[in-house]
Amino acid sequence: MESNRKVQYLAAFSVSLAFLAVGACSAWPTPVLLKFHNNKTSVVISNTEISWMLGLNPIGFLIGSFTARFVIDKFGRRYTLLASMVPVVVGTVIAVSVTRGWMLMMTQFLWSFGTAILCTVQGIYFAEIADKDIRGTLSLSTRYMFNLGNLLVIGAGPFITYQTLNLCLLFIPLTFLIASFWIPETPYYYLKEDRVNEARKVLMQLRGIKDEKELDSQLALIEMNVKEDMTKSSSVKQLFSGAKYRKAIVIVSGLKITSIFTGTVTIRQYFGRILQEGRIPKEMEGTVFIVFGAVGFLTAIVASVLVDRLGRRPLLIGSYIVTGVCLAAIGIYFFLQDAVLVDNAAMSPYGYLPFIGILLVTVSSTIGFNSIVNFMPAELFPLNVKAIAMSLNGILSGVLGFAIAKSYQDIKDLCGIYTVFWIFTVFSCAGGVFCYYLVPETKGKGLAEIQEMLQSPWLELRTCDGTAKFKIGDNKDSEEERASLTEVTII
């Protein structure tokens, strides 16, 4: 029976307004760092304070991710989504009112703290409210709204005052809080809390089902899966010791490490400075910011269309490979400019090449890993450990983000900016290989189907004539099941 998905789409749009807000906050350093560099603000800030300001961003993300673990299951997905905007509003108020650089560190901390909670809960929320064949599309609606926030700040930021920019940022999260107060809780959370009647009402609202038998059938299926998941322990120890979670942990960790160390976030933060070092013509400086933001926004829309049509795996593998090639090319440009010391007159006509390279990196990463890595963890972990796993995934993101934010300038000063881009290249290529061998396809699969798929062997090897098959790394917990890992099955 075809369900009415209007409420699912409206809920996705409402939640995506929060990502418009944090996307704007995320892009804030891009025009603002240039204003600081050109002394166009009343804020007194040093390069060291700028480094720490950006470095506190991942620390706030780390702490926010840790906090989210306790809030999501205690207060529910809906209230956590709404509460995530409170630190964003407070941080923006600080940005509007201060003139000292060190106080902006608190702004960045609060913005990233709220962003971490939002990112942790939204993946769970969409996984639990969306039909399986539009789950990826709804999840990526947040990505293009995030990029729209980037576009608004990157496009308008260079042309308005620092104070006006901050006041505009204050308006967006307030709009989200007003527009999203109606959004429903998820039926999975209600069933987890044994609130069956409320789960039934929400499921009817989300699916638009009027047939009582159809509604009861779908509710019974979800309830069975929830009860099965909740009979298992939900501690951090169980997450890391339970064999059934190992494959998901490896996949999610590998995606997070490779996606962050491709450096796309750092490149966006230092975008203006990178282009200046690449000697882009001055007459192009205003235009490139608008083009950069617009391309990111439009590409995210394309990604939301493709993810449930082409699937996760092809987009992941292709995006890592293309990103790696582009990063390597940018590194070669800076190597010729800074290490080989090619004559300025010879390099000048090609000053736009770093911009083209970064633009292609933005397109490929947004279509692939930068979008998919944000919602795929919510698909891979079962309900009993989902909040813990998403929280730890955010903590890992914060740790890695802090490492790359603080090391970027040091590596650049010590070894040259081309070395930084070549390091990013290595991780991008590694991400493509990792996805090819280890990341499964989740397109069109229900959450229960994905869990069943993850219990399959890591690898199956056959002899040359195809007569014998070896199963390696099955996710089994019992001694009998573990013993079966060494057996050979004659076909």
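Even glycines carry a Cβ here, placed using N, Cα and C.
As stated in TrEMBL, the feature transmembrane segment covers range 387-405 out of the listed 26-44, 387-405. Using a Cβ-Cβ cut-off under 8 Å and counting only residues 6 or more beyond its ends in the same chain, the transmembrane segment (355-375) has close neighbours at 119, 122-123, 126-127, 135-136, 139-140, 142-143, 147, 255-256, 258-259, 262, 264, 267-268, 271, 274-275, 278, 280, 284, 288, 291-292, 295-296, 299-300, 302-304, 306-307, 312, 315-320, 322-323, 326-327, 329-330, 333, 431, 435. Sequence-distant residue pairs (6 or more apart) of the transmembrane segment (387-405) and the transmembrane segment (51-72) include at least 3 whose Cβ atoms are under 8 Å, placing the two stretches in contact. Proximity of the transmembrane segment (51-72) to the transmembrane segment (417-439) is not established, fewer than 3 Cβ-Cβ distances being under 8 Å for residue pairs spaced 6 or more apart. For the transmembrane segment (314-335), the list of distant contacts is 255, 258, 262-264, 277-278, 303, 306-307, 350, 353-354, 357-358, 360-361, 364-365, 367-370, 372, 416-422, 424-425, 428-429, 431-432, 435-436, 439: same-chain residues at least six beyond its ends, Cβ to Cβ under 8 Å.
Looking at 79-103, 109-127, 148-165, 417-439, the range that has the most CB pairs within less than 8 A of the transmembrane segment (171-191) turns out to be 79-103.
Between the transmembrane segment (79-103) and the listed ranges 109-127, 148-165, 248-267, the one holding the most Cβ pairs under 8 Å is 109-127. As a quick check, the transmembrane segment (248-267) and the transmembrane segment (148-165) miss the bar of 3 or more Cβ pairs under 8 A, pairs 6 or more apart, so the two do not touch.
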